[in-house]
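Quick look at what TrEMBL annotates:
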type: ACT_SITE; residues: His189; note: active site, proton acceptor
type: BINDING; residues: Gly11, Ala12, Ala13, Gly14, Gln15, Ile16, Gly17, Asn107, Val131, Gly132, Asn133; note: NAD(+) binding site
type: BINDING; residues: Arg94, Arg100, Asn133, Arg164; note: substrate binding site
type: DOMAIN; residues: 6-150; note: domain 'Lactate/malate dehydrogenase N-terminal'
type: DOMAIN; residues: 158-326; note: domain 'Lactate/malate dehydrogenase C-terminal'
Amino acid sequence: MVAPIRVAVTGAAGQIGYASIFRIASGEVFGPNQPVILHLVEVPPVLKALDGVHMELDDCAFPTLAGVVKADSDHLEDGFRDCNWVLCVGSIPRKAGMERGDLIRVNGPIFTSTGRAIAAAAAPDVRVVVVGNPCNTNCLIAMKNAPGVPSNRFYAMTMLDQNRAASQLAQKAGVPVGAVSNVGIWGNHSATQYPDFYHAKINGRPATEVITDHAWLQGDFISTVQKRGAAVIAARGASSAASAANALLDTVKGIIRPTPAGSCFSAAVCSDGSYGIEAGLITGFPLVSDGQQVSIVQGQTHTAFAQSKIDITINELREERECVKDLLG
Ligand code: NAI
(Lines of atoms letter the chains of each structure in order from A and count residues from 1; the text may use other names and numbers.)
(Lines give C-alpha, C1' and ligand atoms only; values in the text may rest on other atoms or scores of the structure.)
Protein backbone atom coordinates (compact mmCIF):
# COMPACT_ATOMS: atom_id res chain seq x y z
CA MET A 1 0.00 0.00 0.00
CA VAL A 2 1.45 3.37 -1.05
CA ALA A 3 1.63 5.93 1.79
CA PRO A 4 -0.50 9.00 1.07
CA ILE A 5 1.14 12.33 0.41
CA ARG A 6 -0.26 15.40 2.09
CA VAL A 7 -0.92 18.50 0.02
CA ALA A 8 -1.94 21.76 1.69
CA VAL A 9 -3.71 24.42 -0.35
CA THR A 10 -4.27 27.82 1.24
CA GLY A 11 -7.14 29.91 -0.05
CA ALA A 12 -8.76 26.59 -0.94
CA ALA A 13 -12.26 28.04 -1.36
CA GLY A 14 -11.10 30.93 -3.55
CA GLN A 15 -11.13 31.01 -7.36
CA ILE A 16 -7.76 29.35 -7.94
CA GLY A 17 -7.98 27.04 -4.94
CA TYR A 18 -11.37 25.75 -6.05
CA ALA A 19 -10.12 25.24 -9.60
CA SER A 20 -7.06 23.30 -8.32
CA ILE A 21 -8.09 20.93 -5.59
CA PHE A 22 -10.44 18.67 -7.55
CA ARG A 23 -7.75 18.06 -10.13
CA ILE A 24 -5.17 17.31 -7.42
CA ALA A 25 -7.65 14.95 -5.73
CA SER A 26 -8.36 13.19 -9.04
CA GLY A 27 -4.82 11.82 -9.33
CA GLU A 28 -3.92 13.99 -12.32
CA VAL A 29 -0.81 15.41 -10.69
CA PHE A 30 0.66 12.65 -8.53
CA GLY A 31 -0.68 9.69 -10.50
CA PRO A 32 -3.51 7.20 -10.22
CA ASN A 33 -1.69 5.01 -7.68
CA GLN A 34 -0.69 7.77 -5.28
CA PRO A 35 -3.23 8.51 -2.54
CA VAL A 36 -3.45 12.18 -1.56
CA ILE A 37 -4.67 13.77 1.66
CA LEU A 38 -5.75 17.35 0.99
CA HIS A 39 -5.24 19.98 3.68
CA LEU A 40 -7.57 22.87 2.93
CA VAL A 41 -6.75 26.17 4.60
CA GLU A 42 -8.95 29.25 4.64
CA VAL A 43 -9.58 32.35 6.73
CA PRO A 44 -12.13 31.76 9.52
CA PRO A 45 -15.11 33.49 7.81
CA VAL A 46 -14.74 31.18 4.82
CA LEU A 47 -14.74 27.89 6.74
CA LYS A 48 -18.45 27.34 6.10
CA ALA A 49 -17.87 27.64 2.37
CA LEU A 50 -14.96 25.24 2.80
CA ASP A 51 -17.37 22.70 4.31
CA GLY A 52 -19.31 22.89 1.03
CA VAL A 53 -16.12 22.34 -0.97
CA HIS A 54 -15.39 19.32 1.23
CA MET A 55 -18.87 17.93 0.49
CA GLU A 56 -18.22 18.31 -3.23
CA LEU A 57 -14.89 16.49 -2.90
CA ASP A 58 -16.71 13.63 -1.17
CA ASP A 59 -19.28 13.67 -3.94
CA CYS A 60 -16.62 13.20 -6.61
CA ALA A 61 -15.69 9.82 -5.02
CA PHE A 62 -12.10 10.11 -6.23
CA PRO A 63 -10.32 6.81 -5.44
CA THR A 64 -7.05 8.73 -4.97
CA LEU A 65 -8.44 11.08 -2.30
CA ALA A 66 -7.43 9.47 0.99
CA GLY A 67 -8.67 12.21 3.32
CA VAL A 68 -9.41 15.89 3.84
CA VAL A 69 -8.11 18.06 6.68
CA LYS A 70 -9.55 21.56 7.14
CA ALA A 71 -7.85 24.32 9.07
CA ASP A 72 -8.14 28.06 9.48
CA SER A 73 -5.41 30.59 8.97
CA ASP A 74 -5.17 31.20 12.72
CA HIS A 75 -4.03 27.59 13.12
CA LEU A 76 -1.64 27.16 10.22
CA GLU A 77 0.46 24.52 11.94
CA ASP A 78 -2.63 22.26 12.05
CA GLY A 79 -3.14 23.01 8.38
CA PHE A 80 0.44 22.19 7.36
CA ARG A 81 1.11 19.26 9.74
CA ASP A 82 3.27 16.63 7.96
CA CYS A 83 2.51 18.16 4.55
CA ASN A 84 4.81 17.24 1.68
CA TRP A 85 3.53 20.13 -0.42
CA VAL A 86 2.25 23.54 0.65
CA LEU A 87 0.58 25.42 -2.21
CA CYS A 88 0.18 29.01 -1.08
CA VAL A 89 -2.71 30.50 -3.02
CA GLY A 90 -4.49 32.33 -0.19
CA SER A 91 -3.96 36.06 -0.15
CA ILE A 92 -5.80 39.29 -0.70
CA PRO A 93 -6.28 40.13 -4.39
CA ARG A 94 -5.35 43.61 -5.57
CA LYS A 95 -8.29 46.00 -5.37
CA ALA A 96 -9.03 49.06 -7.49
CA GLY A 97 -6.77 51.96 -6.55
CA MET A 98 -4.29 49.73 -4.75
CA GLU A 99 -0.65 50.22 -5.72
CA ARG A 100 1.68 47.25 -6.02
CA GLY A 101 3.53 48.46 -2.91
CA ASP A 102 0.25 48.46 -0.94
CA LEU A 103 -0.42 44.88 -2.00
CA ILE A 104 3.03 43.82 -0.86
CA ARG A 105 2.41 45.29 2.57
CA VAL A 106 -1.07 43.71 2.83
CA ASN A 107 -0.06 40.21 1.78
CA GLY A 108 3.51 40.12 3.10
CA PRO A 109 2.52 39.39 6.72
CA ILE A 110 0.49 36.34 5.60
CA PHE A 111 3.74 34.80 4.45
CA THR A 112 5.69 35.35 7.67
CA SER A 113 3.25 33.10 9.54
CA THR A 114 3.14 30.74 6.56
CA GLY A 115 6.93 30.33 6.65
CA ARG A 116 6.99 29.82 10.41
CA ALA A 117 4.21 27.20 10.30
CA ILE A 118 5.92 25.34 7.44
CA ALA A 119 9.15 25.18 9.45
CA ALA A 120 7.32 24.07 12.58
CA ALA A 121 4.91 21.50 11.21
CA ALA A 122 5.44 20.41 7.60
CA ALA A 123 7.14 17.17 6.53
CA PRO A 124 10.96 17.19 6.27
CA ASP A 125 10.71 16.92 2.46
CA VAL A 126 8.18 19.77 2.12
CA ARG A 127 8.09 21.74 -1.11
CA VAL A 128 6.35 25.09 -1.27
CA VAL A 129 4.81 26.81 -4.30
CA VAL A 130 3.66 30.41 -3.83
CA VAL A 131 0.91 31.70 -6.12
CA GLY A 132 -0.48 34.60 -4.07
CA ASN A 133 0.82 37.90 -5.39
CA PRO A 134 3.35 39.43 -5.42
CA CYS A 135 4.41 35.80 -5.53
CA ASN A 136 8.20 36.18 -5.82
CA THR A 137 8.42 38.47 -2.82
CA ASN A 138 5.84 36.52 -0.81
CA CYS A 139 7.91 33.41 -1.48
CA LEU A 140 11.03 35.25 -0.28
CA ILE A 141 9.21 36.19 2.94
CA ALA A 142 8.04 32.60 3.52
CA MET A 143 11.53 31.23 2.86
CA LYS A 144 13.18 33.71 5.22
CA ASN A 145 10.70 32.84 7.96
CA ALA A 146 11.17 29.09 7.63
CA PRO A 147 14.56 28.44 9.22
CA GLY A 148 15.72 24.89 8.70
CA VAL A 149 13.79 24.41 5.45
CA PRO A 150 16.31 24.39 2.58
CA SER A 151 15.90 27.35 0.24
CA ASN A 152 15.69 25.05 -2.79
CA ARG A 153 12.26 23.87 -1.60
CA PHE A 154 10.65 27.23 -2.38
CA TYR A 155 9.09 28.13 -5.72
CA ALA A 156 7.01 31.09 -6.91
CA MET A 157 4.71 30.57 -9.87
CA THR A 158 5.72 31.90 -13.29
CA MET A 159 4.26 28.92 -15.18
CA LEU A 160 1.16 30.87 -16.18
CA ASP A 161 3.48 33.33 -17.92
CA GLN A 162 5.27 30.46 -19.65
CA ASN A 163 1.99 29.00 -20.86
CA ARG A 164 0.77 32.40 -22.03
CA ALA A 165 4.05 32.97 -23.90
CA ALA A 166 3.97 29.53 -25.54
CA SER A 167 0.42 30.12 -26.67
CA GLN A 168 1.27 33.51 -28.22
CA LEU A 169 4.28 32.05 -30.06
CA ALA A 170 2.21 29.14 -31.36
CA GLN A 171 -0.53 31.44 -32.65
CA LYS A 172 1.98 33.71 -34.38
CA ALA A 173 3.75 30.73 -36.00
CA GLY A 174 0.48 29.00 -36.90
CA VAL A 175 1.44 25.78 -35.11
CA PRO A 176 -0.18 23.79 -32.28
CA VAL A 177 1.00 24.96 -28.86
CA GLY A 178 2.55 21.55 -28.26
CA ALA A 179 5.15 22.42 -30.90
CA VAL A 180 6.55 25.20 -28.66
CA SER A 181 9.14 24.35 -26.02
CA ASN A 182 11.94 25.84 -23.94
CA VAL A 183 10.19 29.11 -23.05
CA GLY A 184 11.86 30.51 -19.93
CA ILE A 185 10.38 33.31 -17.84
CA TRP A 186 12.99 35.51 -16.20
CA GLY A 187 12.62 37.70 -13.14
CA ASN A 188 9.42 38.80 -11.49
CA HIS A 189 5.86 37.56 -12.03
CA SER A 190 4.76 41.06 -12.94
CA ALA A 191 4.57 43.41 -15.87
CA THR A 192 8.39 43.57 -15.92
CA GLN A 193 8.93 39.84 -16.49
CA TYR A 194 11.02 38.80 -19.47
CA PRO A 195 9.57 35.92 -21.52
CA ASP A 196 12.61 34.58 -23.34
CA PHE A 197 11.79 34.02 -27.00
CA TYR A 198 15.46 33.80 -28.00
CA HIS A 199 15.84 30.34 -26.46
CA ALA A 200 12.30 29.19 -27.27
CA LYS A 201 11.91 26.46 -29.87
CA ILE A 202 9.15 25.70 -32.34
CA ASN A 203 9.21 22.13 -33.61
CA GLY A 204 12.78 22.00 -32.29
CA ARG A 205 13.97 25.04 -34.28
CA PRO A 206 14.79 28.43 -32.76
CA ALA A 207 11.59 30.48 -32.50
CA THR A 208 13.52 33.42 -33.99
CA GLU A 209 14.04 31.41 -37.20
CA VAL A 210 10.41 30.32 -37.45
CA ILE A 211 8.99 33.74 -36.55
CA THR A 212 10.84 36.26 -38.67
CA ASP A 213 8.86 39.25 -37.40
CA HIS A 214 11.45 40.19 -34.78
CA ALA A 215 9.81 43.55 -34.12
CA TRP A 216 6.76 41.59 -32.92
CA LEU A 217 8.91 39.33 -30.72
CA GLN A 218 10.65 42.29 -29.11
CA GLY A 219 7.49 44.37 -28.84
CA ASP A 220 3.93 43.04 -28.86
CA PHE A 221 4.88 39.51 -27.85
CA ILE A 222 6.57 40.62 -24.65
CA SER A 223 3.97 43.23 -23.74
CA THR A 224 1.05 40.84 -24.45
CA VAL A 225 2.52 38.27 -22.05
CA GLN A 226 3.38 40.92 -19.47
CA LYS A 227 -0.12 42.40 -19.53
CA ARG A 228 -2.17 39.25 -20.10
CA GLY A 229 -3.47 39.15 -16.53
CA ALA A 230 -4.91 42.66 -16.88
CA ALA A 231 -6.41 41.77 -20.27
CA VAL A 232 -8.20 38.77 -18.74
CA ILE A 233 -9.57 40.95 -15.94
CA ALA A 234 -10.77 43.53 -18.47
CA ALA A 235 -12.56 40.88 -20.53
CA ARG A 236 -13.83 38.50 -17.83
CA GLY A 237 -14.41 40.93 -15.00
CA ALA A 238 -12.38 38.63 -12.76
CA SER A 239 -8.76 37.61 -12.62
CA SER A 240 -7.31 34.49 -14.24
CA ALA A 241 -8.41 31.48 -12.24
CA ALA A 242 -8.70 28.27 -14.27
CA SER A 243 -5.53 29.09 -16.18
CA ALA A 244 -3.73 29.97 -12.94
CA ALA A 245 -4.87 26.70 -11.34
CA ASN A 246 -3.73 24.84 -14.44
CA ALA A 247 -0.35 26.55 -14.20
CA LEU A 248 -0.07 25.62 -10.51
CA LEU A 249 -0.59 21.97 -11.40
CA ASP A 250 1.87 22.29 -14.30
CA THR A 251 4.42 23.73 -11.84
CA VAL A 252 4.14 20.73 -9.51
CA LYS A 253 4.34 18.37 -12.51
CA GLY A 254 7.40 20.28 -13.75
CA ILE A 255 9.10 19.74 -10.39
CA ILE A 256 8.32 16.05 -9.94
CA ARG A 257 8.62 14.80 -13.52
CA PRO A 258 11.84 14.68 -15.54
CA THR A 259 12.00 17.59 -17.99
CA PRO A 260 12.10 16.44 -21.62
CA ALA A 261 15.61 16.71 -23.10
CA GLY A 262 16.36 20.11 -24.60
CA SER A 263 13.48 21.83 -22.85
CA CYS A 264 12.86 23.66 -19.59
CA PHE A 265 10.05 24.72 -17.32
CA SER A 266 9.56 28.03 -15.56
CA ALA A 267 9.31 28.92 -11.90
CA ALA A 268 10.99 31.46 -9.67
CA VAL A 269 13.54 29.96 -7.31
CA CYS A 270 16.16 31.24 -4.90
CA SER A 271 18.97 32.57 -7.06
CA ASP A 272 22.35 30.91 -6.48
CA GLY A 273 24.08 33.74 -8.32
CA SER A 274 23.60 32.15 -11.76
CA TYR A 275 23.75 34.64 -14.63
CA GLY A 276 25.04 37.29 -12.22
CA ILE A 277 21.63 37.55 -10.54
CA GLU A 278 22.02 38.40 -6.89
CA ALA A 279 22.00 35.25 -4.76
CA GLY A 280 18.99 34.96 -2.48
CA LEU A 281 16.46 36.74 -4.71
CA ILE A 282 13.45 34.63 -5.71
CA THR A 283 13.87 34.96 -9.46
CA GLY A 284 12.19 33.40 -12.47
CA PHE A 285 14.66 31.15 -14.29
CA PRO A 286 14.44 28.39 -16.87
CA LEU A 287 14.64 25.15 -14.87
CA VAL A 288 15.10 21.44 -15.45
CA SER A 289 14.13 18.56 -13.20
CA ASP A 290 15.46 15.02 -13.12
CA GLY A 291 12.32 14.03 -11.23
CA GLN A 292 14.04 14.54 -7.86
CA GLN A 293 16.17 17.65 -8.05
CA VAL A 294 15.46 20.90 -9.85
CA SER A 295 18.27 23.01 -11.23
CA ILE A 296 18.67 26.26 -13.10
CA VAL A 297 19.49 25.80 -16.78
CA GLN A 298 23.09 26.89 -17.24
CA GLY A 299 25.00 28.23 -20.20
CA GLN A 300 22.40 30.36 -21.93
CA THR A 301 23.72 33.57 -23.42
CA HIS A 302 21.65 36.72 -23.68
CA THR A 303 21.62 39.48 -26.26
CA ALA A 304 22.01 43.06 -25.05
CA PHE A 305 18.25 43.45 -25.59
CA ALA A 306 17.43 40.44 -23.41
CA GLN A 307 19.93 41.46 -20.73
CA SER A 308 18.40 44.93 -20.51
CA LYS A 309 14.96 43.34 -19.94
CA ILE A 310 16.35 40.99 -17.30
CA ASP A 311 18.06 43.90 -15.51
CA ILE A 312 14.75 45.78 -15.29
CA THR A 313 12.86 42.90 -13.72
CA ILE A 314 15.67 42.05 -11.29
CA ASN A 315 15.75 45.67 -10.16
CA GLU A 316 12.03 45.48 -9.45
CA LEU A 317 12.60 42.39 -7.30
CA ARG A 318 15.24 44.27 -5.33
CA GLU A 319 12.79 47.15 -4.79
CA GLU A 320 10.09 44.76 -3.59
CA ARG A 321 12.54 43.17 -1.19
CA GLU A 322 13.37 46.62 0.18
CA CYS A 323 9.65 47.20 0.79
CA VAL A 324 9.40 44.13 3.04
CA LYS A 325 12.82 44.05 4.65
CA ASP A 326 11.22 44.15 8.12
CA LEU A 327 9.39 40.88 7.29
CA LEU A 328 12.43 38.89 6.28
CA GLY A 329 13.08 37.23 9.61
P1 NAI B 1 -9.65 34.73 -4.43
O2 NAI B 1 -9.91 36.01 -3.70
O3 NAI B 1 -10.72 34.13 -5.27
O4 NAI B 1 -9.22 33.61 -3.38
C5 NAI B 1 -8.26 33.85 -2.40
C6 NAI B 1 -8.67 33.04 -1.21
O7 NAI B 1 -7.65 33.18 -0.24
C8 NAI B 1 -9.97 33.53 -0.57
O9 NAI B 1 -10.88 32.45 -0.45
C10 NAI B 1 -9.53 34.05 0.79
O11 NAI B 1 -10.49 33.78 1.81
C12 NAI B 1 -8.27 33.24 1.02
N13 NAI B 1 -7.32 33.85 1.95
C14 NAI B 1 -7.06 35.16 2.15
N15 NAI B 1 -6.13 35.30 3.12
C16 NAI B 1 -5.80 34.06 3.52
C17 NAI B 1 -4.91 33.54 4.49
N18 NAI B 1 -4.17 34.35 5.26
N19 NAI B 1 -4.82 32.21 4.64
C20 NAI B 1 -5.58 31.37 3.89
N21 NAI B 1 -6.46 31.80 2.96
C22 NAI B 1 -6.55 33.13 2.77
O23 NAI B 1 -8.31 34.96 -5.26
P24 NAI B 1 -7.73 34.04 -6.43
O25 NAI B 1 -8.25 34.50 -7.73
O26 NAI B 1 -7.87 32.61 -6.07
O27 NAI B 1 -6.19 34.47 -6.40
C28 NAI B 1 -5.37 34.12 -5.32
C29 NAI B 1 -4.01 34.78 -5.47
O30 NAI B 1 -3.35 34.28 -6.62
C31 NAI B 1 -4.07 36.30 -5.64
O32 NAI B 1 -3.04 36.87 -4.85
C33 NAI B 1 -3.74 36.50 -7.10
O34 NAI B 1 -3.16 37.77 -7.33
C35 NAI B 1 -2.75 35.38 -7.31
N36 NAI B 1 -2.51 35.00 -8.70
C37 NAI B 1 -1.24 34.62 -9.03
C38 NAI B 1 -0.94 34.24 -10.31
C39 NAI B 1 0.45 33.83 -10.68
O40 NAI B 1 0.67 33.58 -11.88
N41 NAI B 1 1.41 33.76 -9.78
C42 NAI B 1 -1.98 34.20 -11.35
C43 NAI B 1 -3.30 34.58 -10.89
C44 NAI B 1 -3.53 34.97 -9.59
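Here the Cβ of each residue, glycine as well, is placed from N, Cα and C on the backbone.
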The domain 'Lactate/malate dehydrogenase N-terminal' (6-150), counted residue by residue under DSSP: helix, strand, coil: 65 helix, 28 strand, 52 coil
Pairwise Cα distance for Gly11 (NAD(+) binding site)/Arg164 (substrate binding site) [Å, integer]: 23
Cβ-Cβ neighbours of Val131 (NAD(+) binding site) (radius 10 Å): 29
In the chain carrying Ala13 (NAD(+) binding site), residues 6 or more apart in sequence that have Cβ under 8 angstroms from it: Leu40, Glu42, Val46, Ala49, Leu50, Val53
Cα distance (Å, whole number) from Asn133 (NAD(+) binding site) to His189 (active site, proton acceptor): 8
Surrounding CB atoms that lie within 10 Å of the CB of Gly17 (NAD(+) binding site), all protein chains: 25
In sequence order, those binding-site residues of Gly11, Arg100, Arg164 whose CB lies under 6 Å from ligand 1: Gly11
His189 (active site, proton acceptor), number of other Cβ atoms within 10 Å: 28
Candidate nearest Gln15 (NAD(+) binding site) in space, where candidates are the binding-site residues Arg94, Arg100, Arg164 and distance is Cα-Cα: Arg94
Collapsed DSSP category at Arg164 (substrate binding site): helix
